[in-house]
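Here the structure is laid out as structure tokens; the discussion comes afterwards.
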């Protein structure tokens, strides 16, 4: 964890410094600058998510709080924007941002563990009829393989590559990656086209600027919405804690939140179809709810359903895959420019509908797992 946080913090600081020195003569600097900021920020939240393993009860709420802090970072850009309007240059703002990021080293070296954070209590997760190699534990014979059930804590930090590949090939994981790709594309498209939407529906640049400020203020509400999403997840965990199947206890609590996120994506898309300025406030509110619950579930699902030794790898693979998939947003922008935005939004509604396969399949898998447990009894 420490090495990852050091590299992430240095990348973020370098990216912020590069953005600070981007000028009209060197406009290309914005690309490596933004890439380094994005890499540093995402890497930091990946390390922070591991902290949920320190809480036997309330891990979902912890993921929600961390995701909420991540969501509310849009307030930083609002401060940069408002400062610019008051005469503070972008260069000054980003130099301050890069300098204050030194504070992350305080938590990295003083408060957080050097290595992985393993669960306080040993838990078991069913991995859909696959065998995982469990590292040898004191008091156990070497070479033993535990079928279908694997410990979320291991005696060493070595991640078995073959076990990781088996986890990646399970529908439990593959469908989650699909769900993340489709819903993140919806999110990225609206964030990338919101300025065009405002310019189209409003009368002048001042109104566009004012509504942009309102949107950023509303997005800061993610610091409240994400913990609520985490609390909702914890409620579902408590409801299904007595399920007969280990798989159901780990996966079933996610189903309602996954379905709710897809439903919010549909509502958001429908509001965008209306193209009415009076609906902009509703769009902002549903956007923050959608964004908060989405990013909470991206990480919380993996934390709950998979062994802790693989969480960093699985979140990383999910992030990279969804990032590459979301390059399709540029094709959607081109489609919107050549035809119209309504066609794109209808297409995205169809994609969100496809994402519902994920929670539906997990629900069926949980029922089958419980039926198998009942048969054993």
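A Cβ is built for glycine as well, from the same backbone N, Cα and C atoms used for every other residue.
As written in TrEMBL, here are the features:
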| type | residues | note |
| --- | --- | --- |
| TRANSMEM | 30-49 | transmembrane segment |
| TRANSMEM | 61-80 | transmembrane segment |
| TRANSMEM | 92-112 | transmembrane segment |
| TRANSMEM | 173-194 | transmembrane segment |
| TRANSMEM | 214-235 | transmembrane segment |
| TRANSMEM | 255-274 | transmembrane segment |
| TRANSMEM | 280-302 | transmembrane segment |
| TRANSMEM | 309-332 | transmembrane segment |
| TRANSMEM | 344-364 | transmembrane segment |
Report summary line: Between the transmembrane segment (61-80) and the stretches 30-49, 173-194, 344-364, the largest tally of CB pairs under 8 Å belongs to 30-49
Query raised in the report: What stretch of 173-194, 255-274, 309-332 shows the most Cβ pairs under 8 Å to the transmembrane segment (30-49)?
Result: 309-332
Query raised in the report: For the transmembrane segment (309-332), which recorded stretch in the set 92-112, 280-302, 344-364 gives the largest number of Cβ pairs separated by under 8 Å?
Result: 280-302
Query raised in the report: Considering pairs 6 or more residues apart, do the transmembrane segment (344-364) and the transmembrane segment (173-194) have at least three CB pairs under 8 Å?
Result: yes
Query raised in the report: Do the transmembrane segment (214-235) and the transmembrane segment (92-112) share at least 3 Cβ pairs closer than 8 Å, excluding pairs fewer than 6 residues apart in sequence?
Result: no
Query - Long-range environment of the transmembrane segment (280-302) - Cβ separation under 8 angstroms, sequence gap at least 6 - result: 45, 49, 52, 59-60, 63-64, 66-68, 70-71, 176, 180, 183-184, 187, 190, 198, 201, 211, 214-215, 218-219, 221-222, 225-226, 228-230, 233, 254, 257-258, 260-261, 264-265, 267-268, 271-272, 311, 314-315, 318
Query raised in the report: Taking residues 6+ outside the transmembrane segment (255-274), which of them lie with a CB under 8 Å of any CB in it?
Result: 179, 183, 186, 190, 197, 229, 232-233, 236, 282-283, 286-287, 289-290, 293-294, 296-297, 300-301, 341-342, 345-346, 348-349, 352-353, 355-356, 358-359, 362-363, 366
